[in-house]
Amino acid sequence: MIGIFDSGLGGLTILKSILNVETHGHASLRNYDYIYLGDNARAPYGNKSQAAIYQYTREAVDFLFSRHCRLIILACNTASSEALRKIQQEYLPEHHPEKRVLGVIRPLVEEITKHAKIQRVGILGTRATVESNAYLTELRNLKPRLEIFQQAAPLLVPLIEEGWLSRPETAMILKKYLRPLKQKQVQALILACTHYPFLLPQILRIMTKRVFVPNPGEVVAKSLADYLERHPELALQATQNPRVQFCTTDDTTAFKQLGEKFLKQEMSNIEKVIL
Ligand code: DGL
């Protein structure tokens, strides 16, 4: 069982790519059992303190472990920025040394830094992700001379959740957030929030084709496939009849309604849980 955690529904962009990725050794990623947990009752995380984000994320991780996950992906950028390191370095070694928790930052950063020509990178994220400097730190670790420009975009998540993807108001706000990054002539842009890929066509239009904007879901899915190949000791079993179980800490009806729009497929197993 593989756990996918997000503060809410945005992480479905990651799950969607995972379920679509074509090959992984002999088995497709589609052939594993997944449990998706959205902490909708406490979302959004993006404007919360580090202490709160760490506490919520740890509760989510404990829940997913109690449901037999041996590997968890923190699809949430805010949780990856504010909680992952402490979970990996302090919590797991003491309490669950045989289990693994991964985030979305490292794969995205590697995707950018492997292009030698990219010297100027923009990061668009929630306020907490930007203030944590987690992307900036990882990028600098791999390529100290990069020029990095960060922009918090706190209004985008609510607009996307309202389904306002093609409204002129959203286009106007998006342009305002992207303008400083465009002025800095970034060559690559990291979408450091689960929701922003829904605005990818609009973002590409504003930034133009000259800017490399990787799709986070695709990058994370590929990196998960690699990880599973390199870590047979996790002994995750591929199966002929894989299951995807959905859990939310809030109302299941609203979760299903918006979730099916995000995932573009029917979501049948939805359970309300308490963390
Ligand atoms: N999932 C969050 C992220 O990727 C966005 C929504 C929130 O703020 O909780 O940062």
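Using N, Cα and C of the backbone, Cβ positions are placed for all residues, glycine too.
For Cys76 (among others), the entry in TrEMBL reads active site, proton donor/acceptor. The local packing around Cys76 (active site, proton donor/acceptor), expressed as other Cβ atoms within 10 Å of its Cβ over all shown chains, amounts to 35. Cys76 (active site, proton donor/acceptor) falls within neither a helix nor a strand when secondary structure is assigned with DSSP, and so counts as coil.
Annotation source TrEMBL lists active site, proton donor/acceptor at Cys193 (among others). Cys193 (active site, proton donor/acceptor) carries neither a helix nor a strand DSSP state and counts as coil. Cβ-based neighbour count (10 Å, all protein chains) for Cys193 (active site, proton donor/acceptor) stands at 28.
Tyr45 (substrate binding site) carries neither a helix nor a strand DSSP state and counts as coil. The Cβ of Tyr45 (substrate binding site) has 26 other Cβ atoms within 10 Å, all protein chains considered. The substrate binding site feature in TrEMBL is assigned to Asp6, Ser7, Tyr45, Gly46, Asn77, Thr78, Thr194, His195.
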Cβ-centroid neighbourhood (8 Å) of the substrate site, Asp6, Ser7, Tyr45, Gly46, Asn77, Thr78, Thr194, His195 excluded: Gly8, Gly10, Gly11, Ala43, Pro44, Cys76, Ala79, Thr126, Thr129, Val157, Cys193
Distance [Cα-Cα, Å, rounded] between Asn77 (substrate binding site) and Cys193 (active site, proton donor/acceptor): 5
For Thr78 (substrate binding site): intrachain residues, at least 6 apart, with Cβ closer than 8 Å: Ser7, Pro44, Tyr45, Gly46, Lys48, Ile53, Gly125, Thr126, Ala128, Thr129, Cys193
